[in-house]
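Under the heading transmembrane segment, TrEMBL lists B:38-63, B:83-103, B:115-141, B:161-183, B:223-242, B:262-282, B:303-325, B:345-363, B:370-397, B:417-436.
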């Protein structure tokens, strides 16, 4: 994807993080992302992210399952091989309900999980840059992207003023790559040119 | 900032003085430590049982289903009994992870991971029985509706046994996806704090590259909620469909309309008993008493006494209807062959274990007693096994033709097969307890500041505050 420069601030309390996010955004800095060890409610709104449409996708997968099951069973029993089972009707709708329901759930669940994996770009052997090893433990890690308008020192001072505990500068690949987590991968030869030089 | 308040009248869900890092240490710590002697002993016993089970199944496949003591009167014996029993056990995991999520029950966070794991292993065990019961098991794929060279001759979509194929396989798949998607963030936690290369490699693969990004969490929350919404009717449908295997037949004792709710209640009943059995041992060995508290055990015992009583009402309704319907065959099936007759003993074991004994849980003291709970959980599991045995065998062994009346007791391959599924179940569970975060770490962290003991204690001073002052201090921030 792209190699970019970041100033990274780590917070140890979500009660400090929220006002910090507000102030950083108000100051006009570009927050690349905030990494948290657990879902912090309201943080997505604080960052100005839109609602996810994943559930809509789930609904569409669900009705696909419904129609697949119903049309497949009806076609088999009425057209492809109308079998006389104890003189019962060829189109026994009530008897189709259980399988129709199961396939609705199956399609919806499998489809949603696949979509989730695709949107979040997750799979075995996928590697991504981890800004702080404790972002999955107890730290709330905010990565601010450096642009031509921002100076690293200034951002660091600002993060310090809003309560970040640990502040540093990092050059990182923003996308994913394939690799093993027990090995350090060298993705770029030298740190990207500081854009604000 | 916002005050995280929950009444101090509610018991804390996490005991002791904890912060986020301590939660990680407590739950991930056992994964990084060497397993104790007990773990090895348990695993060896489980694997031995599994191997014996595999041998019993080999015997059955090699010589045919004739080695089982099924006869032309009792065509379903231990195999289907065990199938229904294992599927039922699985239901508690989904109830805890899905239904209690929808009902916003905070206490589920302490037990949902292990309970869901139990669901998956139990469904794996359950699936073995119908498959190996087929006898010519190499033709097991005939149950799938695939285009074939025999016409194509399709499967019978009218048959509850086929509905079962769809229900169980969907249930297994959806439970696995739900469980694994919840595990991703926790695997990432293990990965990021791993000291050894092997652990980094393996948990790195398992975590799928999870970072904890806010957008990913937002999608993850949405995914969990919808999967919970899907699993809730799914879990009700699974045991409903299992009960259709019986209810849509014309066998007296099976042909009743109360079967679906009665089976679902029984499933949850037995499932919670199994959760208790497993978690009482797990919390002790892994030292997780502060996360799976007496309060959790109490809450689950309440579910046990509720569902046990529902099952009791169902038993009595059956008896009443058998008399009130005026159908002689129904009356005989219940009063002469089930509650009396050569198999009557199993009916009384069922009644005592399922209906009478759980009533002790009306007493708070007994609900909160670990030893009593543990013994009760075993009794309930025995009782629920006998419920399935009673429904299946005591309805079959005396049919419409007295000359074919028979009795049924299992042969060694049937018993071996059952023991083998215990081996499978506990082998999986031992590996799970050692290598997986047994408690959902991220979920515990998300409730810690509202329901953790040390955070709740800070709320005492707010509860003593004047309401006006409290509103003034907290409302406009």
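The chain as shown is numbered from 1 upward.
From the backbone N, Cα and C atoms, a Cβ is placed for every residue, glycine too.
Predicted automatically and left uncurated, TrEMBL annotations should be read as such.
Two recorded stretches are said to be in contact when at least 3 C-beta pairs lie under 8 angstroms, sequence spacing 6 or more; the transmembrane segment (B:83-103) and the transmembrane segment (B:38-63) fall short of this definition. Pairs of Cβ atoms less than 8 Å apart link the transmembrane segment (B:370-397) most often to B:345-363, out of B:38-63, B:161-183, B:223-242, B:345-363. For the transmembrane segment (B:223-242), same-chain residues at least 6 beyond its ends with a Cβ under 8 Å from one of its own Cβ atoms are 84, 87-88, 91, 94-95, 97-99, 101-102, 160, 163-164, 167-168, 170-171, 174-175, 177-178, 181-182, 260, 263-264, 266-267. Of the candidate ranges B:38-63, B:115-141, B:161-183, B:345-363, B:38-63 contributes the most Cβ pairs within a distance under 8 Å of the transmembrane segment (B:417-436).
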